[in-house]
Structure formats: C-alpha cells, structure tokens
Amino acid sequence: MLNVKLPGLDMKNPVMPASGCFSFGKEYGDFFDLNLLGAIAIKSATKEARFGNPTPRVAETTAGMLNAIGLQNPGVEHILDHELKDLEGIDTPILANIAGKQVDDYVYTAEKMSQSPRVNALELNISCPNVKEGGITFGTVPEIAAHLTEKVKAVSDVPVYVKLSPNVSDIVGMAKAVEEAGADGLSMINTLMGMRINLKTQKPILANKAGGLSGPAIKPVAIRMIYEVSQNVNIPIIGMGGIQDADDVIEFFLAGASAVAVGTANFVDPFCCPNIIKELPEKLKQMNVDHIDELRGRSWGRC
Amino acid sequence: MINEKMLITKNTCIAPKIYELTVQGDLVDLIREPGQFVHIKVSDGTLPLLRRPISIASINRNTKELTLIYRVDGVGTKTLSLRSQGDRLEILGPLGHGFPLDVINQGETAVLVGGGIGVPPLYELSKSLSKKGIKVIHVLGFRTLEDTFYQKQFEELGKTVIVTDDGSSKFKGTVIDALQLLNLNYQVMYACGPTPMLAALENGYSDKPLYLSLEERMGCAVGACMACVCHTVDEDDEKGYRKVCSDGPVFKSGEVKLSC
Ligand SMILES: Cc1cc2nc3c(=O)[nH]c(=O)nc-3n(C[C@H](O)[C@H](O)[C@H](O)COP(=O)(O)OP(=O)(O)OC[C@H]3O[C@@H](n4cnc5c(N)ncnc54)[C@H](O)[C@@H]3O)c2cc1C
Ligand SMILES: Cc1cc2nc3c(=O)[nH]c(=O)nc-3n(C[C@H](O)[C@H](O)[C@H](O)COP(=O)(O)O)c2cc1C
C-alpha cells in the first residue's frame with residue numbers, strides 16, 4: 001500500500017528524512033529503527049570538510065524557521081569512511097546529497113560518493129542559499145544547472161536527483177532544463193531566502209544575516225511548485241517543504257510528488273517520520289485508496 | 001533520552017518573570033548528571049514551532065519529578081508560563097552532558113558561580129556535590145535583589161553570596177568583583193550564566209579546573225542539525241568543533257571558543 005519505486009530508490013514507504021535535518025542518521029537511530037524509513041537523505045557532502053557559518057545559525061519564524069548552517073560536513077572522504085560505514089547495518093536506501101562551489105567540486109564528490117555500495121542515488125544540492133560562492137547561482141540559472149547535471153551524470157554510477165531552489169521565477173523552466181540534461185528525478189523544494197531582525201539589537205538574528213526558510217510556513221509554495229512541475233516533466237519528484245503529518249504527505253502526492261521528505265518537523269518531534277508512516281495506511285483506507293501511488297497527481301487529473 | 005508527555009505538578013511565578021515548573025514522569029529516571037537539559041514543546045500547535053531548551057534545576061527521584069526554572073522572555077517561555085497544573089507537557093530529554101562530579105573529592109571545596117537565569121542548573125549540582133561530602137560555596141549574580149530566587153535553598157547547602165548590579169543586596173557589582181574580594185580557597189569551579197561572565201571567569205580562573213555551561217540557539221537539540229556548534233580552542237582538534245547540545249552544554253574551560 002505504501003511501497004514506491006523511484007530510480008535507484010526501492011522504498012518500503014514514500015517517507016524519508018530531508019537532507020540536513022537528520023545528519024547521517026545516527027542521532028535519530030537512538031529514537032527508532034532506521035529500517036522503518038523509506039529512505040534517508042543524508043547531510044550535504046562537499047569535497048573538503050566545511051565548518052559552516054558563525055552562530056546564531058537558526059532563528060524561529062511564524063510556523064517556520066530560518067537556517068544558515070552553511071553546509072557544515074566532514075567532507076566526502078570522511079563520510080565514506082565513517083558516517084556511511086555506520087549505516088551499513090540498515091538496509092534503507094540512501095540518497096546522498098552533494099554540494100560544491102564549482103562544477104569540479106560537484107563532479108569530484110559525485111564520482112566518489114556514487115561508487116559507495118551504500119549509496120543508492122545522488123541528490124544534487126544546487127539550491128543552498130547559505131553559501132557565498134556557487135550554491136544558489138547553480139540553482140537559479142537553467143543553463144548552468146543543466147550543465148552541472150550533465151557533468152555529474154557523466155561520472156555517477158547511480159541515478160541523480162536535482163534538488164531545486166524555490167528562489168526562482170520560472171520553476172518549470174528550471175525543471176525541464178535539468179530533465180533534458182539527464183536528471184533521473186527532482187527534489188523540491190529547498191528553503192526560501194528570508195531574514196529576521198532582533199528588535200532589541202536592531203540587527204539580523206542570524207550571524208549570516210539571511211537564511212533559508214523551512215517548515216509549515218513554506219508548504220503552500222512547495223505544493224504549488226510541485227503541482228506545476230509534475231505536469232511538465234516525466235521524471236519523479238521527491239516533495240518536501242513543511243510536511244508534518246500524514247495529511248501533508250497525501251497533499252504532496254495529490255500535487256504530483258512520488259515520494260516525500262520531512263525536514264524541520266524532525267526537530268519538533270523526533271518520531272515524526274515513523275509516526276507519519278504508521279498513520280498513512282489508515283488515511284488511505286479512509287480515502288478508499290489501495291495504494292498511495294494512485295493519489296499521485298490527482299489534483300490535476302493525472303489519474 | 002525519551003520524548004514524554006509529562007504531567008505538570010506546579011508552574012508558579014517565584015520572582016518577577018521567573019517561573020518554577022515541576023513535571024512528573026519516567027524521564028526523571030534517565031537523568032545522569034546535573035547540568036543536563038530538556039527540550040520542551042510548549043504548545044501543541046505550530047505557535048511556536050520549535051522546542052525550547054531549559055536546564056534541569058533539580059530532581060526528585062522518589063516522586064519522579066523534575067523542576068525547571070525559567071525566565072519569561074519571548075513567545076515560547078510566555079506560552080509555557082500559561083500552562084497549568086494537571087496539563088501534560090511534551091518533553092524530550094534528558095539531553096547533553098552536564099557538570100562532572102568525579103573531578104573533585106570528598107572534603108574538597110567547589111565554587112559555583114551563576115549569573116541570572118544561569119543559576120538554576122547549579123542548584124542540582126550543589127545538591128549532588130553536597131551529597132558527596134564536598135563543601136560548596138555559591139556566588140550568584142542578579143540584576144536586583146527583587147530578581148533573586150532560590151537564595152534560601154542555596155543557603156541550606158552552603159555559603160551563598162548574592163551579588164546585584166544595583167547593590168540592593170549586600171554585594172554591589174558583578175560575580176567577578178565578588179570573587180576577587182572573597183579570594184576563595186577551592187579546588188574546582190563550576191559556572192553557568194551569560195557569555196561575558198563565562199569569558200571573564202575563563203580569563204581569571206583557569207588556573208584550577210573550571211567547567212562552563214554554554215547557551216546557543218538550537219534546532220533539534222540532539223546533535224543532528226548543526227545549529228549550535230562552536231569552534232574548539234585546539235586548532236589541531238580532529239573535528240575542530242563541538243555541538244553545544246550533545247557534546248555540551250558543559251565544557252571544560254579551554255575546550256571551546258566562547259565567542260560562538
Ligand atoms: C542548554 C540550555 C539551557 C537553558 N536553560 C535555561 C534555564 O534553565 N532557564 C531559562 O530561563 N532559560 C534557559 N535557557 C535559555 C532558553 O532556552 C531561552 O530563554 C528560550 O529558548 C527563549 O525562548 P522564548 O520563546 O522565550 O524567546 P524567543 O526569543 O521568542 O525565542 C526564539 C528562538 O530563539 C531561541 N532562543 C532565544 N533565546 C535563547 C537563549 N538564550 N538560548 C538558546 N536559545 C534561545 C528560542 O529557543 C527560540 O528557538 C537555556 C538555553 C540552553 C541552550
Ligand atoms: C537546519 C537545516 C539544514 C539543512 N541542510 C540542508 C543540506 O545540507 N542540504 C540540502 O540539500 N538541504 C538542506 N536543508 C533543506 C531541507 O532538506 C528541506 O529541503 C527544507 O528544509 C524544506 O523542508 P522542511 O520544511 O520539511 O524542512 C536544510 C534544512 C534545515 C532546516
């Protein structure tokens with residue numbers, strides 16, 4: 001009733017934690033069995049280790065949060081040798097997210113990462129708003145995104161998903177460009193650029209000043225974008241942005257997603273993912289649906 | 001570490017904007033050391049969305065109760081102050097590493113330095129040290145005498161010096177001024193309070209073991225989101241950083257950079 005099959009990702013259920021919100025799984029593995037998850041999107045890996053931005057790195061907003069972590073991670077080699085080794089005991093597919101400053105960084109990281117037997121697919125983060133160089137520019141110019149996708153596809157042994165930025169005016173154009181360049185799937189959406197100012201200090205709360213907005217506040221933006229993109233591409237979409245419960249997952253499927261990722265909600269409730277997975281069958285029964293896939297794209301009449 | 005809907009047995013104002021909250025549940029059995037904290041979902045909806053980290057101020061294993069002392073500041077702590085006895089509160093914990101007790105021996109003296117809302121975790125610490133036969137001296141700073149809380153409780157455990165910015169207690173000034181005047185003989189110092197206070201202690205009192213409890217804005221509070229990291233002092237450290245939530249919040253002076 002819940003199993004879904006996407007390129008490289010043979011999932012028991014359509015729910016995975018989103019990149020950057022679950023580290024490499026170890027912490028949440030203390031709360032529940034990671035085998036319950038449909039897949040795991042691990043924290044963005046870069047060629048070299050990165051320390052990230054100064055603190056404060058997070059600020060709360062109405063029904064959401066801003067973050068400017070700055071892609072802190074121990075670097076691809078360390079991740080292959082340690083963090084991914086720690087995940088060998090579980091059989092949940094891994095979607096390895098990668099980021100970089102320039103095309104060569106992505107290619108290097110993608111090649112290494114895709115050769116790991118523990119990695120089932122790559123997710124190209126071309127949309128991180130929190131790094132000064134690269135990052136967002138890859139995500140806002142379709143030609144550049146397409147070029148990067150092609151280069152990474154050429155070296156990757158596993159399917160490649162491109163994670164799109166919502167900070168663009170033509171999301172469909174962007175999606176089509178990376179599809180043509182060979183992307184096997186899309187992840188959407190990454191965070192929206194935002195800022196909060198502290199009334200006492202009269203300065204931005206985040207040390208980085210601006211950050212990426214996530215959480216329930218961005219859900220309608222994600223739904224609209226997936227609704228439009230899914231009607232214009234032939235590759236599957238991993239939907240994300242503000243998912244908190246089973247109803248949200250169903251809404252993403254109705255919009256056109258083939259699987260979903262849960263980010264910020266893990267911070268609110270560490271058991272969020274397994275709880276959603278547990279609730280889904282009952283919801284589907286109530287809707288008279290035998291398999292969740294039947295809901296995909298129903299809002300625009302795919303079925 | 002568990003996520004539990006704990007029963008509120010008390011939530012009352014004990015000083016201007018300061019509340020004492022007592023909750024009951026199994027989580028209490030899991031607390032290992034003083035200085036650990038909990039992450040509280042203050043409301044059931046999305047306002048506010050994130051949890052709030054609050055230190056454990058004292059525990060009672062017999063009644064399975066833990067007490068938190070918090071200052072009403074923004075929307076989260078305001079919402080928390082409106083929750084009433086008999087309600088259930090979703091609490092994740094116990095989290096982090098607290099103050100080490102095995103760095104000091106029976107018969108020795110510990111100095112506990114607190115500033116404002118950094119005072120609460122020192123209470124359980126003081127109780128634990130006293131139980132071990134360690135002499136405790138408290139130097140606690142507040143804005144005014146009116147803002148003071150738990151003075152009696154601390155006095156029952158050991159010598160307690162209350163310092164106020166405005167001089168409404170006997171001592172006027174900062175805890176640093178008081179420490180200079182008192183010139184105490186001790187073996188280990190523990191502190192919790194605003195970063196400038198911790199930095200001043202690090203400057204003046206690092207010749208003996210000094211343990212500092214840090215504060216940083218958090219997301220998950222379990223070590224996954226990388227929001228609350230700070231640099232290590234040792235530039236050759238393998239990782240180069242520590243997470244305040246899961247490696248701390250208590251660090252030995254000299255382990256991490258305080259400017260974070
Ligand atoms: C390990 C730890 C232990 C703490 N123990 C206590 C305690 O025992 N008593 C107490 O009164 N306070 C304590 N604090 C501070 C307390 O977490 C903040 O005062 C509280 O989160 C403020 O929430 P708010 O909704 O009132 O303020 P808002 O300004 O509305 O909060 C907005 C966001 O910023 C975060 N934030 C704001 N101030 C702080 C701060 N000083 N530290 C960390 N995050 C902050 C909030 O968690 C929230 O995510 C502790 C903080 C940490 C990290
Ligand atoms: C603290 C934090 C860190 C994140 N780190 C990454 C990251 O490293 N790489 C990435 O592609 N997305 C990252 N994201 C974005 C999420 O994966 C997700 O796309 C976004 O938060 C929207 O989902 P949500 O509303 O469920 O959180 C991060 C988000 C948050 C809140």
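Cβ from N, Cα, C; glycine included.
Summarising the annotation, TrEMBL assigns domain 'Dihydroorotate dehydrogenase catalytic' to A:1-284.
Positions annotated as FMN binding site by TrEMBL: A:Ser19, A:Lys43, A:Ser44, A:Asn97, A:Asn125, A:Lys163, A:Ile189, A:Gly215, A:Gly241, A:Gly242, A:Gly263, A:Thr264. The Cβ of A:Gly241 (FMN binding site) lies under 8 Å from the Cβ of A:Pro166, A:Met188, A:Ile189, A:Ser214, A:Ile218, A:Lys219, A:Val221, A:Ala222, A:Ile223, A:Gly263, each of which sits 6+ residues away along the same chain.
The substrate binding site annotation in TrEMBL covers A:Lys43, A:Asn67, A:Ala68, A:Ile69, A:Gly70, A:Leu71, A:Asn125, A:Asn190, A:Thr191.
The feature active site, nucleophile is assigned by TrEMBL to A:Cys128.
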As a whole number of Å, the Cα atom of A:Thr191 (substrate binding site) is distant from the Cα atom of A:Asn125 (FMN binding site) by 11
Provide, as an integer number of angstrom, the distance between the C-alpha atoms of A:Lys43 (substrate binding site) and A:Asn125 (FMN binding site). 10
For A:Gly70, A:Gly263, listed as binding-site residues, tell me which one has the smallest number of other Cβ atoms within 10 Å. A:Gly70
At a 10 Å cut-off from the C-beta of A:Thr191 (substrate binding site), count the other C-beta atoms across all protein chains. 28
